[in-house]
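> One structure, pasted below without further comment.
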Amino acid sequence: MTAEKTNLELSDFAEKVRSLKRDAMKAASEEKSHGPKFGKRHEQTLLYFLLVLIAYSIRVNLSVGIIAMTDRTASSNPDIPTYDWPDKSIVLSSFFWGYVLPQILAGHLANQYGPKWFLVASMTVCSGAGLLLPLLAGAFGSKGVMACRATQGLAQGFLFPSVHTLLAKWVPPGERSRLGTFVYAAGHFGTVVSMLLTGFIASSWYGWPMVFYSFSGAGLVWACIYALLGHNSPSSHPHITMEERFYIESSLGYGEDKPKARTPWKKLFTSKHVWSILLTQCGHNWGFWLLLTEIPNYMSHVMNFNIKSNSMLSALPYFVLWLLSFVFSYLADMCINKSILTIGACRKLFNSIGLIVPAIALVFLGNSDYHDADKAVALLVIAVGFNSAVLCGFNVNHIDISPNHSGTIMGITNGTSNIFGIIAPLVVQLLVTNENDPNQWKVVFYITSAIYVLASLVFVIFASGEVQPWNDEIPPNGKEKEKV
């Protein structure tokens with residue numbers, strides 16, 4: 001009995017050893033099947049990161065730049081021109097005049113023809129308009145600046161629908177929160193870079209014109225690099241390994257020969273899940289763009305900061321936002337990959353964090369004045385920083401519900417919601433007739449807080465994390481293939 005028992009124990013031990021070896025080999029095989037540690041999907045994602053960083057820097061630089069453009073004491077160089085413009089809020093909103101128009105068309109075109117050259121052209125035109133801005137400001141005043149900014153907005157209207165289309169083709173679902181957040185958080189890092197550099201450059205001998213030359217030059221450099229290294233899909237990349245390509249395409253459930261899904265416009269526009277993203281994005285963009293465009297004014301007139309301090313403190317909330325975005329994206333992917341939460345529940349949780357916490361902070365901010373400068377800065381850091389959680393909420397939900405049409409849906413929701421980038425500064429101009437009065441700013445913050453809460457409730461009630469049936473509709477003859 002003792003010998004039999006010993007043999008049985010040895011057999012069990014051997015089986016456990018074999019099982020451990022199989023598990024180790026399986027894990028090694030799975031790791032190898034993902035391709036290199038830094039694969040082509042990471043290379044492409046890095047290019048998108050740089051694109052969004054530069055695009056946001058260009059988009060945001062006028063928020064601080066306009067203070068220098070209208071303040072004779074901003075630069076140490078007395079020869080730098082300054083202007084007296086009563087329509088500053090209209091100038092700040094002019095970017096969105098062009099931005100909202102091409103979005104729906106941009107998403108559809110990117111999906112049909114591939115987004116690479118749309119991105120190259122977008123950044124080239126945007127940068128060219130930036131280079132002309134100082135010249136047109138001198139020649140035509142605020143109207144010249146409005147024309148340049150509207151042109152930049154028109155060019156950038158192709159940006160996010162195209163990036164969304166690319167992420168849907170390059171990023172596996174298990175990496176979507178992290179890599180998607182990495183790309184879109186670049187916008188907030190770009191905001192930090194733009195506000196800091198704009199403040200220092202504008203106050204230097206070179207003055208505010210150098211702000212526009214610097215960021216526009218960076219945009220042209222990116223366009224040249226992406227023209228050489230960018231690719232529309234894994235199947236079109238000449239140097240991707242077969243392991244990485246198979247990993248990406250199998251996880252996304254498509255290949256080179258899959259018939260291309262047609263755009264189900266009717267079902268898309270009647271989907272309550274699409275509408276939940278749209279309404280949530282509208283509420284979010286109201287607060288996001290209001291704070292982004294008006295924080296420098298609030299800091300300057302209510303908290304009495306000079307332009308250097310203003311640019312640094314205005315950038316601080318967006319630096320915290322950028323840092324927290326990585327924390328939230330890691331937690332979101334962990335919740336999904338470890339099956340702690342479903343995709344839908346995860347999106348709703350982080351979206352709620354990203355809207356409710358800022359809503360509470362804005363209520364308290366509305367009760368601050370220049371005696372509470374430190375408190376106001378802390379509340380702005382909370383309001384803006386925790387907003388990063390929405391990057392794991394509605395911001396990637398387009399891809400969750402319809403990978404095939406995520407660029408088109410992003411075009412619809414992003415284009416429509418950014419109308420509030422036009423409206424918000426105009427509402428501030430209407431409500432805040434005395435920029436030094438904290439009580440008038442209180443009304444603005446209270447309204448924004450209420451909008452955030454409503455947007456969060458809409459998403460919790462109506463959003464979904466499931467791929468929709470209409471995602472895979474194909475033409476009746478099934479012959480139209482995916483363009484790469």
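Using the three backbone atoms N, Cα and C, a Cβ is placed for every residue, glycine included.
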> If I go by TrEMBL, the feature transmembrane segment sits on one of 288-311, 408-431. Which?
408-431
> Tell me, what is the mean pLDDT of the domain 'Major facilitator superfamily (MFS) profile' (49-467)?
88
> Is it true that the transmembrane segment (377-396) and the transmembrane segment (183-205) have 3 or more Cβ pairs under 8 Å, skipping pairs fewer than 6 apart in sequence?
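Yes, the transmembrane segment (377-396) and the transmembrane segment (183-205) are in contact.
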> Counting only residues 6+ away from its ends, which parts of the chain sit with a Cβ under 8 Å from the transmembrane segment (408-431)?
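Same-chain contacts beyond the ends: 89-90, 92-93, 95-97, 99-108, 111, 157, 160-161, 164-165, 263, 268, 274, 277-278, 281-282, 284-286, 289-290, 293-294, 297, 398, 401-402, 440, 443-444, 447.
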> Grab the same-chain neighbours of the transmembrane segment (46-70) for me: Cβ-Cβ under 8 Å, and only residues 6 or more beyond its ends, written as numbers and ranges.
82-85, 88, 91-92, 95, 119, 123, 126-127, 130, 137, 145, 149, 152, 156, 159, 163, 166-167, 182-184, 186-191, 193-195, 197-199, 202-203, 207-208, 211-212, 215-216, 218-219, 222, 225-226, 229-230, 292-293, 295-297, 300, 307, 310-311, 314
> Looking only at the recorded stretches 117-141, 183-205, 211-229, which one has the largest tally of CB-CB distances under 8 Å to the transmembrane segment (312-336)?
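Most Cβ pairs under 8 Å with the transmembrane segment (312-336) come from 183-205.
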